[in-house]
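The domain 'Sugar phosphate transporter' feature in TrEMBL is assigned to 105-392. As annotated by TrEMBL, transmembrane segment applies to 101-123, 135-155, 167-183, 247-266, 278-297, 317-334, 355-371, 377-394.
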Amino acid sequence: MESRFLSRATTVSHLRRPLRESNGNAICSFLSIKPIGAVSEGGNLIWGRQLRPSLLLEASYPVSARKEILRPVMAAASSPAEGSDSSGDGKAAPVGFFDKYPALVTGFFFFMWYFLNVIFNILNKKIYNYFPYPYFVSVIHLFVGVVYCLVSWAVGLPKRAPIDSNLLKLLIPVAVCHALGHVTSNVSFAAVAVSFTHTIKALEPFFNAAASQFILGQQIPITLWLSLAPVVLGVSMASLTELSFNWTGFISAMISNISFTYRSIYSKKAMTDMDSTNIYAYISIIALIVCIPPAIILEGPQLIKHGFSDGIAKVGLTKFISDLFWVGMFYHLYNQLATNTLERVAPLTHAVGNVLKRVFVIGFSIVIFGNKISTQTGIGTAVAIAGVATYSYIKAKMEEEKRQGKAA
């Protein structure tokens, strides 16, 4: 259920933006526009999303100029005043906290990303223990996030970016896949142990690699395929002896993997220079619209007949409403933090961090819920996670070398 559509990208170059210097002449830089997501899934969306789902705008100046990375969410890159001297004469602007302690700030982002993700998974499973309606809860996740985005737009943090019909057509397939992957992930979470669902979702890089090879026609190096073998083996070992295993949970998690893979494929085609916060907001709105009809059709009669009353009777009205509100907030915020973290670090760092995040979620869920796992399941989970880590490292390393080769 992770938003990965904001995690990987292929750079499109040869788009130029004039940059004004103090002498009035114009210089041109390449503006690299990255898609909302990509098939190469080193880290998990909205990412996931994986939905392992981010836009990074990198303005690469000529060798004589300095390179800046624009972070649309957390910080705007400052530019010299129109009449300033580019040689550095005059008073330097005061250094802010974010610029003075970048490592500390990045560490805080990782901590909050992990913390919110763990809290979301724990609270989400607790809700399913007394209110087993994953379609409705999925709608609540998105609804709370959409309300959060609308309030943010209303106060101008961030300012809403306009959307046209062309961009909307590109985002609809991404949002539909995001909605399907999100709902099926929740169906799996409701049916089996959280740790088991996350073990199955560790197969997502395998589906991404297969889609790259057989749908997009991209050649996947043999080293990447070999690194995925432990993932398949580990998930198979864990599934055979998982005490909470049932086919509903297993098949739903597999459908989620396929959905997030297709989301990455469509994201590759949806190229835009809109900032990631606004993109995620629009995708959440579309995904909410997609999720409402199946929730009404599949769970509406049961909810009206006894679902709401049973849930409220077990925990009380106040806790019932507060749990649904907070699980929606945690879902939206952890996806947004994953995006913001990616904007601060290299893809390799984010990929490794995403693997560690899955380890944290599996470990904490076992401790909190007291899930009993067999020795074979534990070994299989560890092997699968190790395989994902190896794949993520190799893939991110290859992407870095490719970017360095283009820059040279």
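Cβ coordinates come from backbone N, Cα and C, glycine included.
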Does the structure show the transmembrane segment (135-155) and the transmembrane segment (377-394) touching, where I'm treating 3 or more Cβ pairs under 8 angstroms (sequence separation 6 or more) as a contact? no
Flag the pair the transmembrane segment (167-183) / the transmembrane segment (278-297) as in contact if three or more Cβ pairs fall under 8 Å (sequence separation 6 or more). yes
Can you check how the pLDDT averages out over the domain 'Sugar phosphate transporter' (105-392)? 88
For the transmembrane segment (377-394), sequence-distant contacts whose Cβ falls under 8 Å of one of its Cβ atoms, 6 or more beyond its ends: 42-43, 195-196, 199, 202-203, 205, 209, 223-224, 227-243, 348, 351-352, 354-355, 358-359, 362
Residues outside the transmembrane segment (101-123) whose C-beta sits under 8 Å from one of its C-beta atoms, at least 6 past its ends, are 2, 189, 194, 198, 323, 326-327, 330-331, 333-334, 337-338, 340-341, 344-345, 353, 356-357, 360-361, 364-365, 368-369
